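Novice: After the structure tokens below, expect a handful of questions from me.
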Amino acid sequence: MANDAEDAVRSYLTSVKEDLMTGVSFMIPFVTIGGIFLALGYAVASLSNNVQDVFNSTGTAGWFLAQIGVAGLTLMVPVLGAYIAYAIADRPGLAPGFILSYIIQQGNVLQAAGDVIGLQGGSAGAGYLGAIVAGFLAGIVARWFKQRDVPEFIAPMMPVLLIPVATTAVLTPVMLFVLGVPISIANAGLTEFLSNMQGGGQAILLGGILGAMMAADMGGPINKVAYVFSVGLISEGVTAPMAAVMIAGMVPPIGLALSNFIAPQKYAAEMYENAKSGVLLGFSFITEGAIPYAAADPARVIPSVVAGSAVAGAASMALGVNMPAPHGGIFVVPLSNQPFMFIACILLGSIVTAVIATAIKPNFDAKMAAQSSDD
């Protein structure tokens, strides 16, 4: 009985994670377009020493590029909510998820809702936290409507008319007058807290935690929590955590490849070829490139990569490195406010990982002999 309950909980949590990651996967192209074009807009504006007034320079090349960037970053949050709902309820959940996520991003709407319920503080919008809540609720409610038995002549209207309208009607008052304003207050507090964490002890701690999470399971649920957290903050204009996460995610494959090159006797012969591809994967921000090493020797590899990524993430936050793009690795380094420091943090973390892994791993032959004697 206990095992059945445990399996049910595990299955539910897996489903929640998959639904969330569906939303994130559809959101990433919007973040990428938004972040890159906004950065290009600032870069072009800087050529005429007009970087601070890019949005007031109507009709200039920088202004047009920045408008594309703003469009991408504005739509990314509703898209997140829309595709979480889509993952749960398929097509009937898509429009309600988008509309509910969009409406709670409008600060004036939430401020008016706050006036109605006597709670102030919704002017900033509910951010990606609100979109996640709206997406899950829209998906759950739409799926409930979808599972109802209805007369045959009504069935064709259910997915395109009745379910989307009913779901939106049911959840709009909930999101505006119950959940929206408190989530907006929490989102504003989080954004302000992170915006003030530039170079201080709290920033270093946050960078270290995010870095360690990126390396802890190399693409697993812990890694994804850190990644989603940082991607969501891009729409709020907070891009330092994204830099820390990207840098930290690049460290494990590069650091372990470096260790393999320095001390090949500590690894199986076939791992040497894996190291070559690991460098490319690492610089492409594919943390999973370190998994073959972790699978072969988790007790030594995981502490090594966690330490290196934590150091890299902490250094990035301490130095105030920013990254407006959610993916791309070495190919988006020019978009950083400090590209050389971005690369330096990658190298620092990789060296820490390489030194620790090389120091604590025994020679491969000795390790195999010890395992044979244990058997």
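For all residues, glycine too, the Cβ spot is worked out from N, Cα and C.
I grabbed these lines from Swiss-Prot:
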DOMAIN    16-370  domain 'PTS EIIC type-2'
TRANSMEM  24-44  transmembrane segment
TRANSMEM  68-88  transmembrane segment
TRANSMEM  93-113  transmembrane segment
TRANSMEM  122-142  transmembrane segment
TRANSMEM  160-180  transmembrane segment
TRANSMEM  203-223  transmembrane segment
TRANSMEM  238-258  transmembrane segment
TRANSMEM  279-299  transmembrane segment
TRANSMEM  301-321  transmembrane segment
TRANSMEM  340-360  transmembrane segment
Novice: Same chain, outside the transmembrane segment (93-113) by at least 6, Cβ under 8 Å from its Cβ: which residues?
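Specialist: Those are 74, 77-86, 120, 122-127, 130-131, 134-135, 137-139, 141-143, 163-164, 167-168, 171-172, 175-177, 180-181, 183-184, in sequence order.
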Novice: Hey, which of 24-44, 203-223, 279-299, 301-321, 340-360 has the most Cβ-Cβ pairs under 8 Å against the transmembrane segment (238-258)?
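Specialist: So the stretch in question is 301-321.
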Novice: State the residues, same chain only, that lie 6 or more residues beyond the ends of the transmembrane segment (122-142) and have a CB under 8 A from a CB inside it; answer 'none' if no residue qualifies.
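Specialist: That would be 16, 19-20, 23, 77-78, 80-89, 92-93, 96-97, 100-101, 104-108, 110-111, 113-114, 163-164, 167-168, 170-171, 174-175, 179-181, 183-188, 190-191, 231-233, 235-236.
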Novice: In the same chain, which residue numbers or ranges, 6 or more beyond the ends of the transmembrane segment (301-321), come under 8 angstroms Cβ to Cβ?
Specialist: 197-199, 203-212, 214-216, 218, 240-241, 243-245, 247-249, 251-252, 255-256, 259, 290, 293-294, 336-338, 341-342, 344-346, 348-354, 356-357, 360
